[in-house]
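To start, the structure itself, in C-alpha cells.
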Amino acid sequence: MDQHTVSELLRKVREVNPLVHNITNVVVTNFTANGLLAMGASPVMAYAPEEVADMVKIASSLVLNIGTLDGPTVESMILAGKSAEKHHVPVIFDPVGAGATCFRTESAQKIINEVKISVIRGNASEIANVVGEKWEIKGVDAGSVKGDVVNLALAAAKRFNCVVVITGKEDIATDGSSTFVIANGHPLMTKVTGAGCLLTSVIGAFAAVTKDYLAASVSALTFYGVAAEKAAEKTGNQGPGSFQSEFLNQLSLVSSKEIAQLGSFKEL
Ligand code: ATP
Ligand code: TZP
Ligand code: MG
Ligand code: MG
C-alpha cells in the first residue's frame, strides 16, 4: 500500500460518514465523539445490555475500550461483540491498562477469547500483558519499552489472528505476515489524555470502509499522525490545551494532498 491508499480511504470515510459504536471509558468519551465527528465519522456511545446488540446491527464498526471497566460493562462488550460477529461488523479493541491490575488483564483476555476481533490497538505494555508477558505498565501509560516491539506485535497478531497495532514514538501495524512502521505523530500527543483511545476509534472509522484491516490501520495511523504534526506546528509553543483543540481542527482539515506530502510509513 502507499499514500494513495490512505488518501482514498480517508475520502471514503468522509463520503460514507460511518456510524462507529463505542463502548469506551468515562475519561475520553467526549473527546472521542468530537474527534470522530471532526474527521467525518458519526459516533454513538451505547452501553446498556438491553440495547447494545441492536445498536451494533446498525453500526459500521464497534470499538471496545476497557479504560474504566466494570463487570457489567465487560458483559455488555461481549454481548455487543457477539452481535458484531453475527452482523459482520468489525470490532476494534483497546485493552487500556492491561497489566496494571489482574481484573484488567483477565477482562482483556476474556474479551479477546469470546469476541471475534479485527484490530487490537494498545501501547507496548498493554499488548505484552494481553499475550501473557509481564512488561511494566504505569496505570494506563506504557512503562519504558525494553523488548522488541515488532516481534511482540507479530506474536500477538499470530496468536489472536487479527491485526495488531502498537503505538508510541513510532507505530507498528501487522497482520502477522505484512508489517508496517508509521513515523508520523508528535510528542505532545503524550500530554493529551485519550490520544490513544481516540486513535482506536479512528481505526474503527477506517475499518468501516474497507475489509482490509491492515490498510485501515496504517491509514488511520498516518492520517492521525499527520493531524498531530500539523496541530503542533500551529500551536506547539502554547501548550497541550491549545494543541488539543487544534488537533480536533486538523482531524477535519487534513487533506488527501497533505497526506501525500507528509505521510511517512514503510513496510518492513
Ligand atoms: P500511553 O498511555 O502509553 O501514552 P496511548 O494509549 O495513549 O498510550 P499512544 O502510544 O500515546 O497511545 O499513541 C497515541 C498517538 O500518539 C499515536 O498516534 C502515536 O503515534 C502518538 N505518539 C505517542 N507518543 C509519541 C511520541 N513520543 N512521538 C510522536 N508521536 C507519539
Ligand atoms: N484512566 C483510565 S482510562 C484513561 C485514564 C487516564 C484514559 C486513557 O487514555 P489514553 O488514550 O490511553 O491516553
Ligand atoms: Mg498516550
Ligand atoms: Mg491507551
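Using N, Cα and C of the backbone, Cβ positions are placed for all residues, glycine too.
All protein chains included, M45 (substrate binding site) registers 15 other Cβ atoms within 10 Å of its own Cβ. The secondary structure of M45 (substrate binding site), as reduced to three states from DSSP, is extended strand. Taken from TrEMBL, the feature substrate binding site covers M45, G194.
Marked as ATP binding site by TrEMBL: R121, T167. T167 (ATP binding site) carries a strand DSSP state (E or B). Within 10 Å of the Cβ of T167 (ATP binding site) there are 26 other Cβ atoms, across all protein chains.
M45 (substrate binding site) sits 19 Å from R121 (ATP binding site), taking the Cα positions as reference. A distance of 13 Å separates the Cα atom of G194 (substrate binding site) from that of R121 (ATP binding site).
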